[in-house]
Every structure is written in C-alpha cells, then in structure tokens.
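> Please find one structure pasted underneath; my questions will follow.
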Amino acid sequence: MRPFRLGLTGSIGMGKSTTAALFAEEGVPVWDADAAVHRLYAPGGALVGPVAALCPAALKGGAVDRGALRDWIAADPTALPRLEALVHPAVAADRAAFLAHARTDIVLLDIPLLYEKGSEAEMDAVLLVTAPPVLQRARVLGRGTMTEAQFEAILARQMPDREKRARATHILETLGLEAARAYVRALIAHIRETADA
C-alpha cells in the first residue's frame, strides 16, 4: 500500500521548515524539495556539471553557488526557465526515489512551489502554512540572508497566499509553536482515522 501523500506548502517565511520538523518529530518521513536541490548542487551532485555548463560563474569549489545563480537570474531574463528545465526533472526524480523507499502510512512532501509547479495532483491532500504578512516579512528579513528587494522578487514569483488558501485541503496559521504542534498531531490522527475508515 502506498503512503498517504501530504503536500506541505506556503510562501517564504510562513513556517514550512518548522512545520516539517513537527511532522518529523511525530515519526512522519519528510521529503524537502529545497534540501533535494542542495544535495543536487553539492560537490558530486547530479546538477553540478549541467548547471556549470549553463552558468560557469556558478561553479565554486566543485559545487553550485546559489548566490551566483541568483545574480545570473537577476541579470538574464532567460536564465530562470533554462535553470528550471534542469532542476525540476532532477528534483522530481529525487522525490520519486524517496516515495519508492517509503514504508510508512503517511509521508510529508515539503514543496514550496507546489501549486506554482503543478504538483498538487500528486498529493492526497495539501497543508498550507500561512501567517500574517507583517510576521512573514519580519521572519524573512530577520534571518539576515536576503535584502528586501530579494524578498519582494521571491514573493512576485509565488502564488498569492489568498489563492493558495482557496486551493488547500488544510490550513495552518503558524502563530505559535505549541498550537502548530497540536494541529500537526490532530491532522496526523485525522489522516490515519480516515485511512482506516
């Protein structure tokens, strides 16, 4: 029997990583699209050579430098679609390998661009994590890893939160850790009860 596939999505700064960690604490295997990209870009990763062929400046120390890729994407309007043509099939293959080895009743698939890339059809349900815009902005800019302009550029590429809310099966407002933990536990129990019915 294949596991129940719960997709986890939400815009940047909404609490996806924290929510995924809560599922992992409950014993639910988590596949993370961003982590898959990091593995593929790391030394020896399957995308190092192909990405370096597209953007030689992105090759640093045998790995793909994401900062150099961001600069390339900002400077060349044709860069992102060419990069995605390499990345998305490789990430899909990584996800398929994870699913092929999953021996559990539920898996969580953490996919930031789940709706934008049409992955929702592969899910049994989708959990959207969300937060008020002021909290989202504070979380992202408080990390100190990007500028406000970079944050706005990422938001512009992501589907608006209100559209995601309309499409999601489940919605979690990530306002506090204990409330989120309780929600995750209740959702896991609900999925298991529904599967047993």
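Placement of Cβ uses the backbone N, Cα and C atoms for every residue, glycine included.
What Swiss-Prot shows for this protein is this:
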- 5-197: domain 'DPCK' (DOMAIN)
- G13, M14, G15, K16, S17, T18: ATP binding site (BINDING)
> CB neighbours of K16 (ATP binding site) within 10 A?
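A count of 23.
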> Specify the count of other C-beta atoms within 10 Å of the C-beta of G13 (ATP binding site).
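Around G13 (ATP binding site), other Cβ atoms within 10 Å: 22.
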> For the ATP site given as G13, M14, G15, K16, S17, T18, which other residues of the same chain have their Cβ within 8 Å of the site's Cβ centre?
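Apart from G13, M14, G15, K16, S17, T18, the close residues are G10, T19, V129, A131, R139, T174.
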> Measure the Cβ-based neighbour count of S17 (ATP binding site), defined as the other Cβ atoms within 10 Å of its Cβ.
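Its Cβ has 15 other Cβ atoms within 10 Å.
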> Are there residues of the same chain, six or more positions away from M14 (ATP binding site), whose CB falls under 8 angstroms from its CB, and which are they?
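Counting only residues 6 or more apart in sequence, the Cβ neighbours of M14 (ATP binding site) under 8 Å are V129, T130, A131, Q136, D161, T174.
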> List the same-chain residues at least 6 positions away in sequence whose Cβ sits under 8 Å from the Cβ of G15 (ATP binding site), in sequence order, or say none.
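The list for G15 (ATP binding site) reads V129, A131, R139, L172, T174, A180, given in order along the sequence.
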> Which whole-number mean pLDDT does the model give the domain 'DPCK' (5-197)?
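Per the prediction, mean pLDDT sits at 94 for the domain 'DPCK' (5-197).
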> Far apart in sequence but close in space: which same-chain residues, 6 or more away, have a Cβ under 8 Å from T18 (ATP binding site)?
T174, L177, A180
